[in-house]
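This report concerns only the one structure given below.
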Amino acid sequence: PSSDPSLRHYSSCSGCARREIGSGRMTTGGRAVLLLPLLVVSALFAQIRASDPLFHESFDEGFEGSWVVSGKEEYSGVWKHEKSDGHEDYGLLVSEPARKYAIVKELDSPVTLKDGTVVLQFEVRLQNGLECGGAYLKYIRPQEAGWDAKEFDNDTPYTIMFGPDKCGSTNKVHFILKHKNPKTGKYVEHHLKSPPSVPYDKLSHVYTAILKPDNEVRILVDGEEKSKANFLSADDFEPALIPSKTIPDPDDKKPEDWDERAKIPDPAAVKPDDWDEDAPTEILDEEATKPEGWLDDEPEEVDDPEAAKPEDWDDEEDGEWEAPKIDNPKCEEAPGCGEWKRPMKQNPAYKGKWHAPMIDNPNYKGIWKPQEIPNPEYFELDKPDFDPIAAIGIEIWTMQDGILFDNILIADDEKVATAILEKTWKPKFDVEKEKQKAEEAAAADSEDLSEFQKKIFSVLYKIADIPFLEPYKIKIIDIIEKGEKQPNITISILASVIVVIVTVLFKALFGGKKPVAPVKPAAETKKPSAVVPDAAAGSSGDKEDDKDAPRRR
């Protein structure tokens with residue numbers, strides 16, 4: 001107990017707060033004791049609330065029942081609930097090429113974009129690439145009463161359109177805001193001027209748009225900032241959200257006597273008497289002489305001496321056959337062939353058509369422009385007047401199938417979006433990236449092996465043409481052709497040809513039975529006897545004559 005009487009009451013009575021409450025009285029310390037648990041609970045609730053997204057569609061379960069496919073006849077593409085290639089993770093799949101697709105998901109309650117930060121994020125994997133088509137989302141504004149989700153189509157009003165679009169010269173990650181002009185009541189599409197491009201690979205990518213309360217919008221691809229803009233800047237959006245204060249007067253007309261020519265031909269100028277407009281640009285070079293060694297009697301082209309008339313040529317049906325022409329080989333060593341002619345040269349007297357020189361126009365008034373008048377559609381704005389998001393729709397036309405949507409997210413905290421990105425997208429992307437690197441390395445190795453094989457086969461064909469391998473040429477070529485059809489046995493083919501060569505060389509150096517030439521067509525059977533007549537003659541003599549005969553090589 002405290003010695004101070006004024007403090008003794010609090011130090012000696014731990015249950016006083018309860019008694020004070022029971023008696024209808026509360027001290028400062030008692031109120032603090034009661035408020036502390038309430039503050040802790042409130043903080044925990046706020047923390048839990050902050051860690052939850054406003055909307056998150058992971059497609060872990062089927063989309064039927066929660067997403068509504070458009071009932072319009074033009075949208076014939078079939079949506080499927082499928083796994084991402086190589087993963088156990090499911091997504092919403094575009095299953096057919098060259099189709100229109102439309103599907104929409106109505107939110108439980110609209111998401112406002114006017115207060116605080118809003119993050120729009122989703123994953124797309126172009127499993128078969130994207131040559132021509134879209135893979136973007138439309139964030140639909142509240143519709144009129146009685147609107148049916150089955151009526152969703154291209155004309156359904158939206159607040160924001162965001163995502164990849166690629167076809168021809170178009171290659172961008174769209175960000176389009178539809179904003180209502182308070183003066184006219186009309187909605188105008190405002191396009192981000194500098195959108196990022198769409199990745200060219202077939203990996204999973206995540207697209208993020210962060211709308212900040214200071215009118216800033218940031219576009220991220222795979223968590224990296226690719227573009228940043230201000231909604232109210234005329235340099236960032238086309239057309240600008242805030243119209244110009246003045247516009248050209250549409251009723252203003254250019255006066256008939258308005259002269260916009262800065263320069264005019266000098267009316268006092270006169271063409272000189274010695275100006276010849278008819279002189280040619282080029283004339284014969286009279287000083288040129290025929291080069292020494294010029295072959296006047298030789299034609300530039302002659303009949304191809306190696307050409308032969310085809311066996312199936314019919315003079316009556318095909319006409320008289322003429323050999324194709326080739327460059328005269330004699331002309332290659334000479335300065336030229338045929339009739340020599342003097343070359344042309346630039347005409348020093350040529351001046352062309354005469355024109356009067358230009359002078360300053362004394363009546364020049366400049367380029368005419370209509371006068372400016374106040375813009376009736378002009379308004380001032382501190383912040384964009386965003387319409388809420390009441391639904392999320394995908395309405396696309398694409399020539400490729402295999403487009404997989406996943407993890408569609410709306411959040412009011414960047415950290416929440418980043419955490420979901422790291423948990424859902426990053427592991428898949430890392431696996432896909434490693435697989436891509438392995439495939440590229442394998443493809444590079446395959447290309448190198450292919451070039452190596454081509455060089456081997458080229459060398460083998462040259463080996464087959466070596467004269468002393470003539471008896472084995474047909475067999476060697478057969479082996480090479482089999483190797484070209486089955487590249488995986490290239491080494492075996494090379495070994496086989498080497499064995500043949502070594503065998504022939506061994507017999508040639510150390511003797512042994514003469515190699516028996518393979519059977520050839522009748523037209524080729526005379527060739528061996530013609531090449532070695534002495535050997536053929538010696539084979540019918542006695543043994544001693546046979547020794548003196550030259551050995552066949």
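Placed from the backbone N, Cα and C atoms, the Cβ positions cover glycine too.
What TrEMBL says about a protein is an automatic prediction, not a curated fact.
Since we're looking at a predicted model, the values are computed, not measured.
Annotated in TrEMBL:
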type	residues	note
DISULFID	Cys132-Cys167	disulfide bond
REGION	241-339	region 'Disordered'
COMPBIAS	248-264	compositional bias 'Basic and acidic residues'
COMPBIAS	274-286	compositional bias 'Acidic residues'
COMPBIAS	294-305	compositional bias 'Acidic residues'
COMPBIAS	312-321	compositional bias 'Acidic residues'
COMPBIAS	322-333	compositional bias 'Basic and acidic residues'
TRANSMEM	489-510	transmembrane segment
REGION	515-553	region 'Disordered'
COMPBIAS	541-553	compositional bias 'Basic and acidic residues'
(Q) So if I measure Cβ to Cβ from Cys167 (disulfide bond) and keep only same-chain residues at least 6 apart in sequence, which ones fall under 8 Å? (A) Glu131, Cys132, Gly133
Q. Mind checking which residues reach the compositional bias 'Basic and acidic residues' (322-333)? Cβ under 8 Å, same chain, six or more beyond either end.
A. 295, 298-304, 307
Q: Provide the number of Cβ atoms within 10 Å of the Cβ of Cys132 (disulfide bond), excluding the reference atom itself.
A: 14
Q: With DSSP as the reference, give the number of residues of the region 'Disordered' (241-339) in helix, strand and coil.
A: 9 helix, 17 strand, 73 coil
